[in-house]
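Step one of this worksheet: look at the structure below.
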């Protein structure tokens with residue numbers, strides 16, 4: 001945000017977005033060509049010459065010399081038999097239906113993890129506030145404190161506090177013994193104190209009082225990054241870890257920062273007072289505090305080192321090779 005605002009102000013907004021796209025291009029290419037990671041709890045020991053676009057070799061029909069199918073889970077085979085042989089659905093369509101079936105099953109299992117759900121609920125409240133800060137913060141700062149360079153001021157505070165706050169959160173979690181309960185304690189404590197400092201910052205009439213209080217508040221709220229992701233990974237079984245992180249990211253954006261900016265803008269249009277709007281927005285951090293504080297008292301089991309079950313979860317059905325890899329397939333077995 002800091003650099004994009006600077007480039008957009010000195011050159012042109014198109015130049016800022018084009019520059020950002022070019023800088024991200026290497027990561028897009030790496031996503032296609034880099035070798036897949038060997039995740040703990042997963043076993044990939046099947047050979048195949050062709051990887052389907054939707055299913056991994058574990059779900060491909062392997063036919064032995066006597067014509068007997070092997071390697072197909074019963075639930076998948078049963079689902080395939082229910083489809084008419086002469087159905088108008090293509091083979092790709094059938095694979096999509098199978099994937100949807102397994103995704104629904106995994107989602108149902110994920111939503112039954114109360115610790116995970118409470119953690120993500122608090123994360124949504126948190127991201128609601130942070131997203132609106134990033135969008136409306138400079139405008140509010142300029143209106144309340146008459147900042148000459150509000151974009152640079154808020155961007156600089158966010159960058160510095162984001163880096164040091166995130167590192168501090170991970171360091172503290174390691175020092176207090178990394179457990180789910182302790183992670184919730186760190187989350188609730190940092191969020192509560194951060195909300196107090198951010199709320200107090202907008203109560204100051206002087207810019208010299210606002211900056212130090214808001215900086216400390218940002219430092220505290222960014223300390224939540226390490227523990228919130230720790231809980232997402234440790235509260236679910238190994239086969240659901242990728243899905244848990246994916247759904248956490250989708251949830252905090254769809255329910256958090258995406259609707260927060262227009263909602264805050266609507267409130268400001270009604271009351272025409274940026275200080276009051278900022279205080280109302282900051283008070284939503286209490287919702288995150290309540291969720292994470294309740295998480296302390298939930299029965300939690302650290303499942304990070306659990307062995308993956310013998311079934312075929314969604315993550316084991318993902319492609320094992322990069323899309324642009326032409327090399328020979330090798331059997332992989334994670335230890």
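Using N, Cα and C of the backbone, Cβ positions are placed for all residues, glycine too.
All annotation found in TrEMBL is predicted automatically rather than curated by experts.
The following features are taken from TrEMBL:
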- 15-34: transmembrane segment (TRANSMEM)
- 115-136: transmembrane segment (TRANSMEM)
- 152-174: transmembrane segment (TRANSMEM)
- 186-207: transmembrane segment (TRANSMEM)
- 245-267: transmembrane segment (TRANSMEM)
- 279-298: transmembrane segment (TRANSMEM)
- 311-335: region 'Disordered' (REGION)
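Remote same-chain partners of the transmembrane segment (245-267), defined as residues 6 or more beyond its termini with a Cβ less than 8 Å from a stretch Cβ, comprise 107, 110, 120, 123-132, 134-136, 229, 232-233, 277, 280-281. Tertiary proximity for the transmembrane segment (115-136) is limited to same-chain residues at least six positions away from its ends with a CB under 8 Å from its CB atoms, namely 1, 154, 158, 180, 184, 187, 191, 221, 224, 228, 231-232, 235-236, 244, 247-248, 251-253, 255-261, 263-265, 268, 277, 281-282, 284-285, 287-292, 294-295, 298, 300.
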